[in-house]
Amino acid sequence: RFIAKPCAINLGIQDSGPHRAQPNAILEKVFTSITKSPDGRRLEGLSKQLDWDVRKIQRWFRQRRNQDKPTTLTKFCESMWRFTFYLSIFFYGIRFLWTVPWFWDTRQCWYNYPFQPLTSRLYYYYILELAFYWSLMFSQFTDIKRKDFLIMFVHHLATIGLITFSYMNNMVRVGTLVLCLHDASDFLLEAAKLANYAKYQRLCDAFFMLFGVVFIVTRLGIYPFWILNTTLFESWELIGPYPSWWLFNGLLVTLQVLHVIWSYLIVRTAYKALVRGKVSKDDRSDVESSSEEEDVTSNSTKGVLSTSSNGSNRINGHVAGGQWTEE
């Protein structure tokens, strides 16, 4: 309210949403009581009842669905909040871990386990992360429901479960490594979204390219060979398996499965945009096609994330389009 909104206004972002649908009592009743996406048969019936062209009715339903979407200003403020948190917590984590021995030697995570001291800095690091992911868990049900809702729901559950479980079992040393590694790419994604909303496409392209590289390197490279290696093999060697060991590693492996899915989506979108050179829509996009989408040509957009005047996002010859969100 006091920081993000003034920044957005200074960047020229207006608090205006998509075009509002023309008031119509009959269509509004169908929209609210029957269906938000009528099939061809119902469209024909409404066309005869209203003496409207089917294409006009389809456009009305698109506009009606889109008018409930948040404005660019709202999305900018949300992304700026998440960018601020991710960036701050990442640098806090790096600064903290730089001074501890288990950052340089992961076997230190298991020496003298479970009799390892819990320092105040480590405690606050854990509590801040846990509080943030709980907030994401609750806000997911009030925010726009995206196509990856189930995946994100599983991710938040696994993350909260890991943070809580590792804290209860004093596995906080390896837990800090997991948290810091996941924060490494999240702030880059939010920075790309901020640049997109402000229509700085080259900056947006650069941030998203960097995000893709960091995401794949950390989630498919460092995470399995550094984190999973110490939790699966070094811990087995130093303290041996025990009941909670299986649950802990099960949650970590679940996160790795989600990493593979998201990496696949990133690579697939990049392949479509770079190799085929076709305008494509992000698989996670929460914004529908505009009412003028039939008149949009392939050269109407530029950059990785390109936003049209009514808020719909596309890609053209780059990596991705649509509204990218946090993992």
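Heads up, the Cβ atoms here are built off N, Cα and C, so glycines get one too.
For the DNA-binding region (29-72), the mean pLDDT of the prediction comes to 80. Marked as DNA-binding region by TrEMBL: 29-72.
Annotation comment: TrEMBL describes 301-315 as compositional bias 'Polar residues'.
Marked as domain 'Homeobox' by TrEMBL: 27-71.
The transmembrane segment annotation in TrEMBL covers 83-103 (among others). Note on the transmembrane segment (83-103): residues 109, 121-122, 125, 128-129, 132, 173-174, 176-177, 179-180, 183-184, 186-187, 190-191, 194, 326 of its chain, located 6 or more positions outside it, place their CB under 8 angstroms from a CB of the stretch.
Proximity of distant same-chain residues to the transmembrane segment (123-142), defined by a Cβ-Cβ separation under 8 Å and at least 6 residues beyond the stretch ends, is recorded for 85, 89, 92-93, 96, 149, 152-153, 156-157, 159-160, 163-164, 167, 172, 175-176, 179, 326. The annotation transmembrane segment is assigned in TrEMBL to 123-142 (among others).
Residues annotated as transmembrane segment in TrEMBL: 149-168 (among others).
Annotation source TrEMBL lists transmembrane segment at 207-226 (among others).
If you look at the transmembrane segment (246-267), the same-chain residues 6 or more away from its ends with a CB under 8 A from one of its CBs are 151, 154-155, 158-159, 161-162, 165-166, 169, 171, 178, 212, 215-216, 219-220, 223-224, 227-228, 231-232, 283-284, 319-320, 327. According to TrEMBL, the transmembrane segment annotation covers 246-267 (among others).
Note on the DNA-binding region (29-72): DSSP counts are 30 helix, 0 strand, 14 coil.
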